[in-house]
Amino acid sequence: MPSSLKGLGQAWLSSSSMALSACCSVSAWQKRLPVLAWLPRYSLQWLKMDFIAGLSVGLTVIPQALAYAEVAGLPPQYGLYSAFTGCFVYVFLGTSRDVTLGPTAIMSLLVSFYTFHEPAYAVLLTFLSGCIQLAMGLLHLGFLLDFISCPVIKGFTSAAAIIIGFGQIKNLLGLHNIPRQFFLQVYHTFLSVGETRLGDAILGLVCMVLLLVLKLMRDRIPPVHPEMPLCVRLSCGLVWTTATARNALVVSFAALVAYSFEVTGYQPFILTGEIAKGLPPVRVPPFSVTMANGTVSFTRMVQDLGAGLAVVPLIGLLESIAVAKAFASQNDYHVDANQELLAIGLTNMLGSFVSSYPITGSFGRTAVNAQSGVCTPAGGLVTGALVLLSLDYLTSLFYYIPKAALAAVIIMAVVPLFDTKIFGMLWRVKRLDLLPLCATFLLCFWEVQYGILAGTLVSTLFLLHFVARPKTQVSEGPVLILQLASGLHFPAIETLRDIVLSRALEVTSPRPAVLECSHVCSIDYTVVLGLAGLLEDFRKQGVSLVFSGLQAPVLHTLLAADLKGFQNFPTLEKAEQYVRQELGMEPYNVCEDSVPEHKVTLLTA
């Protein structure tokens, strides 16, 4: 006994030391802290490119952050509070060199739905979303995102683009007292169109035209080559820089126009107004809030957030990982989806301590980052520093930014979110996928969570129907040969049973059958019971039911169940030959290039 205990202890120590060495290996540390993989190779060339990219993204995110705070129904400074935490956290934890985390149009829309325009609710939602996202990363639950199909995502983003864009019409036209619910918003906007402020409308339209022209200019800049004349390269660089920083330039132009009118004593525009100066205070997220009618407890706040605690973290993860994978594929590198969950989860958790609202990966700013030639996530340090500098020194200047200019920035940012091609593509490829797309798209105008839930439910029903009604290829002849074209799970066993019984036993002359199961990789207890029942039915009729091509795990399960009359053959030919011999028919010899002469039908039950 002592020797066995000693051996057991040595084995435990050996396995523990191996596990510890695996956890402490360089590759393990690099996986959890990706910065350790690229930092030792960092160069001056990378520093230059990262600085340019970080500056470009910073000039884009500052006006966008102010605008997205308006979409979220929060004071403008909360957009800037949300724009810098991700820059610093992602440098250490992110696996994509291109992704930039920060406020986005879609997340701002979700925040406006669930936080009642109350900053305390928004900050608490950030903290709880971060906890949920971090837990999903630690528990490797990222696969749950796979159940939200592409048509659902496209339906949601297209609806969000319309909701966000139309929601800014009131600021573009200078209208007041417009409700935030979409249908009421449409009604009251058209009802109040006669109250349009001419100054806001003209400035907003001019800003939109300028943004569009600058975007088209950037899209048409030819690739720069070293053999080009210096003046051509400089011109292309100047145009590209101007077009990339178009949001900042257009907002600055609008602010200068507004300031010029302010000096004369006449102001035709609605301005952003006072913004809290300085950096945000570092404090614990609010777990209760004092309202006009009393103090709201943490439990009550969680109840008020409701479905937002599921929708916001899931959509945040989905958007960020989709952006990361898209640019990783485009630029030929790999991202770790689970590590991305950890990065965005920790970003939101830490961001809640500086009054951030929930953030995610931004497609538009990530595109700017990639096109600027960023080499590592270190470009985010420059972006974050620029946002902090603007908070510390520029907030007094933000007073003069017209709301119409910010509305123009938002509208031009969300236009690409509406995917007009997806409807035609699905019509050509698989029309059934239009159902979850349209369900999501239409119901999102009522409530966002209903749209996402309906689309996901429809997609899941399609998936469950496919599992419960597997495609089955049946070969008719003296021997019924049934080939499962997909897996076999417990919802499908009754369908399989009905097909086999109706084709083999419920006929004038019962015949034997062969189940070809090479595509079945796993079964459960319900399937075992169903197959046992089939074997019993065949035995009562005096004919055989045999199996072929069972994979090792499935064969092991069926052998462990000790089914009476169970027989398995390695190939379909051998199984069919055995049954034919049992019937007293001539032996069936199959050469390599011969095919059994059966009438084949495809059943899609």
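Glycine is no exception: its Cβ is also placed from the backbone N, Cα and C atoms.
The topological domain 'Extracellular' annotation in Swiss-Prot covers 1-50, 94-98, 218-249, 325-340, 469-605. The transmembrane segment annotation in Swiss-Prot covers 51-71, 73-93, 99-119, 123-143, 147-167, 197-217, 250-270, 304-324, 341-361, 374-394, 398-418, 448-468. According to Swiss-Prot, the feature topological domain 'Cytoplasmic' maps to 168-196, 271-303, 362-373, 419-447. Look at Swiss-Prot and you will find 479-582 tagged as domain 'STAS', backed by sequence analysis.
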Task: the transmembrane segment (147-167) and the transmembrane segment (197-217) contact flag, 3+ Cβ pairs under 8 angstroms - done: no
Open item on the list: Between the transmembrane segment (73-93) and the transmembrane segment (374-394), are there three or more CB pairs that fall under 8 A, provided the residues in each pair are separated by 6 or more in sequence?
Closed with: yes
Task: Intrachain residues whose Cβ lies under 8 Å of the topological domain 'Cytoplasmic' (271-303), provided they are six or more past its termini - done: 66, 75-77, 81, 118, 120-121, 123-124, 126-128, 258, 309, 352-355, 388, 391-392, 395-396, 398-403, 406
Task: Positions on the same chain near the transmembrane segment (123-143), where near means CB under 8 A and six or more residues out - done: 111, 114-115, 285-287, 301-302, 305, 308-309, 312-313, 316-317, 321, 337-342, 344-352, 355-359
Task: Touch test for the transmembrane segment (398-418) and the transmembrane segment (51-71), at least 3 Cβ pairs under 8 Å - done: yes
TODO: Considering only the recorded stretches 51-71, 197-217, 304-324, state which has the highest number of Cβ pairs under 8 Å to the transmembrane segment (341-361).
DONE: 304-324
- [ ] Within the topological domain 'Extracellular' (1-50) only, compute the mean pLDDT.
- [x] 70
Open item on the list: Summarise the topological domain 'Extracellular' (94-98) as counts of helix, strand and coil residues per DSSP.
Closed with: 0 helix, 0 strand, 5 coil
